[in-house]
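Some features that TrEMBL has for this protein:
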type     : residues                               : note
REGION   : 1-20                                   : region 'Disordered'
DOMAIN   : 176-414                                : domain 'SAM-dependent methyltransferase TRM5/TYW2-type'
BINDING  : HIS266, ASP304, LEU305, ASP343, GLY344 : S-adenosyl-L-methionine binding site
REGION   : 376-414                                : region 'Disordered'
COMPBIAS : 402-414                                : compositional bias 'Polar residues'
Amino acid sequence: MSTSTASQEDASGTSSSMTRTALRQNKLVISAPDTVPRLTGSEPLLETIQGSAELLEQLKPSFTTQHSLQAIGLSGRQLPLLTKDETILPYLFNAAGVRYVQPHPNGDASQRILLLNVPSSSPTPQVVLSAIAKHNLQLVPSFTLELGYDHLSSDQVLEALLPKTIVDTDGVPTGFTIVGHIAHLNLLDVYLPYRFLVGHVILSKHAGTLRTVVNKLDSIDTEFRFFQMELLAGEEDYTARVSESDCVFEFDFRSVYWNSRLHAEHMRLIRKCRPNQVLADVMAGVGPFAVPAAKRGTWVLANDLNPSSYQSLIKNGRVNKVLLEEEGRKREVDGGLVATCMDGREFVRWSMEETWKRGFAGKRLKIALSSTGKSMLHDKTATPLKQQTFPASPSPPLQPHQIDTSTANSSTTS
């Protein structure tokens with residue numbers, strides 16, 4: 001495994017005004033050793049999930065290399081003397097995933113070493129020797145640092161394992177979408193022989209957040225628009241739990257449509273929603289737009305033809321405390337969500353009729369406004385600067401048989 005970095009200028013030429021951030025902005029790049037065996041695609045273990053997991057475990061030791069570096073020995077109390085010294089910072093072993101402060105090899109718990117980006121076979125920089133003499137520290141001429149699989153990204157691992165012809169032509173397949181604990185890939189055909197290995201590499205590099213890795217298959221349900229998927233690695237658990245727009249959503253990722261990339265557009269529209277408004281969402285899915293809108297006081301009629309989406313919509317409405325479960329309740333409150341499962345055209349007609357029949361409760365809403373005029377309705381800690389009262393929604397127009405004809409005739413005559 002090799003390391004490389006930008007050239008470091010001599011301390012004598014370093015500007016005293018240079019910040020610590022600028023001094024340490026060029027991190028060392030750790031790369032896989034050339035001795036890692038590349039796959040051909042014909043390995044029998046690649047054909048199954050379990051086999052690919054075993055193959056990856058067999059290959060991990062080939063990523064291990066040892067580096068002999070110089071270091072500075074000091075006590076824990078002396079660390080600030082050098083970690084804040086701008087003349088020393090450029091020489092520290094500054095690499096992602098590797099701490100340049102390490103326990104002292106002598107086993108003394110009160111002692112530490114500062115790793116230097118200086119091989120044991122190279123001369124010690126004069127600025128380092130000066131700092132050691134100034135603070136009465138110790139030079140450790142040789143410290144063995146072991147780097148391996150855990151210090152590399154998924155890109156670097158796959159770049160070392162996949163055939164060079166694929167890497168040079170198509171790169172490595174590390175782009176994916178995260179939905180809860182699920183990583184969703186859309187692999188090109190050229191990667192399919194290695195798909196289970198790719199899944200295990202990605203899972204190992206995101207063990208804290210991911211538990212399941214799947215690949216999208218070509219077939220898409222033409223009626224409900226969700227796609228078929230194949231498990232690549234991890235648990236066979238497809239029930240995703242996602243936090244979005246100050247709401248929580250739970251759904252079976254295999255049987256509903258969910259697109260995390262629409263979050264920004266959802267938020268743009270949600271911010272336009274106000275109390276006493278009516279919103280009809282013909283294809284609401286599991287509620288990423290409908291549920292947050294209802295939470296803002298809008299009366300939302302949400303529909304989806306997919307039974308799985310409909311059940312998740314009801315559950316998410318209930319969990320986020322906006323579902324209007326009692327038929328009569330929607331006449332008593334301004335806002336909330338009513339869920340339906342019907343054809344879109346039928347829903348449009350039904351929503352118009354339902355809106356006409358609803359008869360808003362017409363309660364007067366008091367909304368605290370800040371000095372900028374922005375609503376502070378949900379900010380319970382804010383101090384209202386003024387109160388604005390919104391009138392009740394207008395009643396439906398009178399039907400022809402309800403019009404006072406005598407009044408109409410007299411006004412016409414005059």
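Cβ from N, Cα, C; glycine included.
TrEMBL feature annotations superimposed on the structure.
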| residue | record | Cβ within 10 Å |
| --- | --- | --- |
| HIS266 | S-adenosyl-L-methionine binding site | 17 |
| ASP304 | S-adenosyl-L-methionine binding site | 28 |
| LEU305 | S-adenosyl-L-methionine binding site | 17 |
| ASP343 | S-adenosyl-L-methionine binding site | 12 |
| GLY344 | S-adenosyl-L-methionine binding site | 11 |
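Mean pLDDT across the domain 'SAM-dependent methyltransferase TRM5/TYW2-type' (176-414) comes to 79 in this model. The maximal spread of the S-adenosyl-L-methionine binding site, taken as the longest Cα to Cα distance among HIS266, ASP304, LEU305, ASP343, GLY344, is 23 Å. DSSP assigns HIS266 (S-adenosyl-L-methionine binding site) to a helix.
In the three-state DSSP scheme, GLY344 (S-adenosyl-L-methionine binding site) falls into the helix class.
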